[in-house]
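Annotation source TrEMBL lists domain 'G-protein coupled receptors family 1 profile' at 49-299. Marked as transmembrane segment by TrEMBL: 33-59, 66-89, 109-128, 148-172, 208-235, 247-270, 282-301.
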Amino acid sequence: MPCEGCMERGNVSTGATMEFLLLGFSELLHLRVLLFLIFLIVHLITLAGNMMIFMAVVMEPSRPPMLFFLCQLSAVELCYTLVIVPKALLSLAAAGGSPISVPGCAAQMHLFVALGGAECFLLAAMSYDRYVAICQPLRYAALMAEGLCLRLALACALGAFAVALGLTVAVFRLPFCQSRRIDHFFCDVPAVLRLACTQGYAAAELALLVACVLLLLLPFLLILASYLCIAVALLGVTSPVGRGKAFSTCISHLAITLLHYGCATFVYIRPKSSYSPARDKVVSLVYTNITPLMYPLIYSLRNKEIRGILRKMLRRKKIGEL
């Protein structure tokens, strides 16, 4: 029996004229200008920081595997912010919210999930790199060859994009009810699912659960296994200096992993009854704006190789000016 007030599925899939309305922060109209300026400044700094690290690593002729993965991570963060933040700025510029077409909403959801998943896989690959560097240092060059790093990066991207495509198709096959208002500043999965009628809802919930297992839980278990092996190896190191030096190489990666997984777990791995649009928007602000801003800061402050490359870039610039 068809649900009351639902749109026909054919209209959803083929109706290019149908649009959603991203409400964004329409309840904070008195802070609209201030929020717009803050978002814009943070966005520009994030783009500059990630672009600086990306260019620094690309211009370095000899790149160890950790820097190679860091370059991939910066590229993912650049795309991540460009997918989300410009539309969020438009929703702040328009007092009544920002319209987005169904294909545009689906594309944004797919890219957001895919890029977030690719980041999880890259964090797992980086943890394996740290495991090999600390636990098997004599075989590091052989195990982490350039070919393996390229295959790992490609597998991270393709795996994440395939899982994200399945989830996006499952969500947008649902019939949507009359309300077109998405109480969010981008097409996040939980916010869009709130608009779906009850028929077929379980299939999309199952797809979301599978995506969480593949994109969040599986990489997290791989990261946990790597660091358990690292912890066991460090227990056998008698020198406190050697132990501290080995652990310091993991600090940046651990900090980024905790930031990324903390926000993602709060939004996607929780009971449906605890959904709160206002709270979700605040958490989403953190992992779409603040977290990408923190990545360049953490790596530029903690990674000696990055600091060295940036110093070389500055020296080249000064010499060129002279």
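The backbone N, Cα and C atoms fix where each Cβ goes, and this holds for glycine too.
Automatic, uncurated: that is what TrEMBL annotation is.
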Per Cβ pairs under 8 Å, the stretch of 33-59, 66-89, 109-128, 282-301 packing most closely against the transmembrane segment (247-270): 282-301
Same-chain residue ranges lying at least 6 outside the transmembrane segment (66-89) that approach it to Cβ under 8 Å: 22, 24, 36, 39-40, 43, 46-47, 50-51, 53-54, 57-58, 60, 98, 100, 108, 111-112, 115-116, 118-119, 122-123, 125-126, 129-130, 133, 146, 149, 152-153, 156, 185-186, 256, 288-289, 292, 295-296, 299, 303, 305-306, 309
Stretch among 33-59, 109-128, 148-172, 208-235 sharing the most Cβ pairs under 8 Å with the transmembrane segment (282-301): 33-59
Recorded stretch that, among 33-59, 109-128, 208-235, has the most CB pairs under 8 Å to the transmembrane segment (148-172): 109-128
Sequence-remote partners of the transmembrane segment (109-128) [C-beta within less than 8 Å, at least six residues beyond its ends]: 66, 69-70, 72-73, 76-77, 79-80, 83-84, 149, 152-153, 155-157, 159-161, 163-165, 167-168, 171, 186-189, 192, 211, 214-216, 218-220, 222-223, 226-227, 253, 256-257, 260-261, 264
